[in-house]
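K.L.:
Under the heading topological domain 'Cytoplasmic', Swiss-Prot lists 1-41, 101-237, 294-644, 709-726, 791-803, 866-874. Per Swiss-Prot, the feature transmembrane segment maps to 42-62, 80-100, 238-257, 276-293, 645-664, 688-708, 727-749, 771-790, 804-826, 845-865. According to Swiss-Prot, the topological domain 'Extracellular' annotation covers 63-79, 258-275, 665-687, 750-770, 827-844, on the basis of sequence analysis. Here Swiss-Prot flags 331 as active site, 4-aspartylphosphate intermediate, drawing on similarity to another entry. Taken from Swiss-Prot, the feature Mg(2+) binding site covers 589, 593, and the record attributes it to similarity to another entry.
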């Protein structure tokens, strides 16, 4: 590559001070207060606010009736709407905090995926952050780059840029160094614009505008990367939440009318408020208030964990899809291998010397190594520069006048360099492509191919080089350009070693255990790919490897290694697996990988070697370019989905059980104990709305967070894994019987508590005290059982047969929730607020009922697990 002087560091600093920095103002983040207000658009929140409003109405009416005599009942009625409001605000606060963090994460993602560009400074080509580009800089770009600033071209080599974001035209623009005074600025082919994609060739330009002074800055067209994508699970939960809400609203109306009728219209002025409170309790019981909030928190925690593990997730939804990946189409170089290229062997043809071979490979090269050993460019080209002492190659006497960039279809790179009055055409690329273009190897082709096979058989990459000399060259002569890569003289080839990563073999084995099929797609020689694939365990049979040129699209699913593949073939491979119903992940780092990355379910771009276009097309950026990181991401995706299911099962358990208890309590037990409970006009609902809110939101909070951070003991990477079904393997059946059994226990001990109170001299004087005695038992049983149910969900075998230390975080979360209940029922001020019996310590029978119900629930689960353990999957 020709050298340009560029700016000095002092000149760059001065230019930045004069013309500004190279960045566009980011889209203004939504302020926290607005995020908080947006939470109130949710149907669930609206229903809870309505419940709170109606509770206020009941409290006001009760106050008017009692002449504002704030006895126990009136205090409870006034506290209740505030508790509902507190719950709504707490839930909304958690949601808004999560969205605020998501905004920050989107901003952090931009900093984690910073773009770099190559610039000439002080006569050296170096890599700098795009934001450090200044007016006057001389920039080098090639295929895959994003133009970092507006500028005028100084040199082009078949440069084509996609500028559709400015012009609306989807066809790439051929760039020249010639200006057209009659054309508009956007039609000037000698100009490049910030944000344009280089889809072919290379070029050098001088920066004329940066930041907001660029064309894209003037029209304020900023790209917002923080797009919100909902995963299939999140979409299901939104629908479930709406269904619960509408169902709850319908039941609210029915229950209010039916209960009013049961209580009697003759005393409607008193009975309507009792019926209304019962209907409100039912709505609160049905709606799983923490549904979306808990799941979003779990997803966010997983994203943070993966970021620390070098996997940068663009969208929360990617986590779930990762967990269901069945096919990984991976590159070889840099992903499965170390990407630490080194020339380990060479072959010089005829009279070619090592110096001739090295010089040709350095001249046909776009990498650079600065004086302070900073390396810029493709690892293969850097390895070629490092092979020999460049100071002995006399490279500065050659001046590049033309370049035909490498592409994955031709598999060649061509440059024309001038020395004195000679123009030397140098072509490097795949040996099997280059040899037929040479006219001096007719009788030696077989011998050369044998040598190449020997190198490939050792897992080495081979790169050949050839040249020819011209005494006249005109890059505007299309006929001469078309003939550049013909009638060449073969110089020889080099063999490069890029050993597999140590962790790749373990990751491949992990994939196979998890029923994930790893597939290698590479541009390398078939034998080289086969050797590496066998070493890593990807390939077991030779007939599972195929050349792209020999690929039969009907048999794509039969192969595990694809060599010498074009971008179109890579896209066809991905499409074939997707059409067969598989969830496919693809890795890529080049501009030509973008279609396959977009087509796949999870596109993974390499963070180190990946070009900007590939990063834009991907869902996940692997910042260490390591295949094992993808496998870690899949495992985390599986864990996240499993955790979400456990949290949902627990939420649905209390929603179903709570709804059954409230309904049966209103229409059956209420009638059974009507005489006792209606003394002094008191209602007879099993639970108050505030008790149900504590169970549905706060009690689930501790176990939900614990489940999210607790390492799982399941062998997640053994066997297939599906995220299509929310519940499977008995889970739906278990949810139903557990909910009904818990409902039965809650109602049973509620009834026993009432019977005890009726027969107790201290309690029988008040219908309210009688109801609270039963309600306290039911409240503790439902809440504590739900808290401990998180432990049930962790293992299929009885808890008594497991080591508690394995799930210590879930134990802590569950016990923390139970502690909340104990505080409520044993501390008088809290008991008053949540309508439980205040002097519970004086009634050990009720305490035994409360703990007995929980023990029976957990005991039944242990018995069922024990039976299944002994008699198989029933």
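Cβ atoms are placed via backbone N, Cα and C, with glycine included.
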K.L.:
Rounded to the nearest Å, what's the C-alpha distance separating residue 593 (Mg(2+) binding site) and the residue listed as 'active site, 4-aspartylphosphate intermediate'? Just drop the number here, would you?
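P.N.:
Cα of residue 593 (Mg(2+) binding site) to Cα of the residue listed as 'active site, 4-aspartylphosphate intermediate' measures 10 Å after rounding.
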K.L.:
Between the transmembrane segment (688-708) and the transmembrane segment (771-790), are there at least three Cβ pairs closer than 8 Å, leaving out pairs fewer than 6 positions apart?
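P.N.:
Since 3 or more Cβ pairs under 8 Å link them, the transmembrane segment (688-708) and the transmembrane segment (771-790) do come into contact.
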K.L.:
About how far apart, in whole Å, are the alpha carbons (Cα) of residue 331 (active site, 4-aspartylphosphate intermediate) and residue 589 (Mg(2+) binding site)?
P.N.:
9
K.L.:
Same chain only, please: residues at least 6 beyond the ends of the transmembrane segment (804-826) with a C-beta under 8 Å from a C-beta of the stretch. Say none if there are none.
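P.N.:
Distant Cβ neighbours of the transmembrane segment (804-826) are 694, 698-707, 709-710, 713, 776, 779-780, 783-784, 786-788, 790-791, 794-795, 834, 836-837, 840-841, 850.
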K.L.:
Could you check if the transmembrane segment (276-293) is in contact with the transmembrane segment (80-100), meaning 3+ Cβ pairs under 8 Å among residue pairs at least 6 apart in sequence?
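P.N.:
In contact, yes.
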K.L.:
DSSP on residue 593 (Mg(2+) binding site), three-state: which is it?
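P.N.:
Where residue 593 (Mg(2+) binding site) sits, the three-state DSSP reduction gives helix.
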K.L.:
Near residue 589 (Mg(2+) binding site), which residues of its own chain have a C-beta under 8 A away, given they sit six or more steps off in sequence?
P.N.:
331, 334, 605, 606, 609, 610, 611, 614, 625
K.L.:
If contact means at least 3 Cβ pairs within less than 8 Å, sequence distance 6 or more, would you call the transmembrane segment (771-790) and the transmembrane segment (645-664) in contact?
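P.N.:
Contact between the transmembrane segment (771-790) and the transmembrane segment (645-664): present.
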K.L.:
How about the transmembrane segment (42-62) and the transmembrane segment (845-865): do they have 3 or more C-beta pairs under 8 A, pairs 6 or more apart in sequence?
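P.N.:
No, the transmembrane segment (42-62) and the transmembrane segment (845-865) are not in contact.
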K.L.:
Mean pLDDT, the topological domain 'Cytoplasmic' (791-803)?
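P.N.:
Overall, the topological domain 'Cytoplasmic' (791-803) comes to a mean pLDDT of 85.
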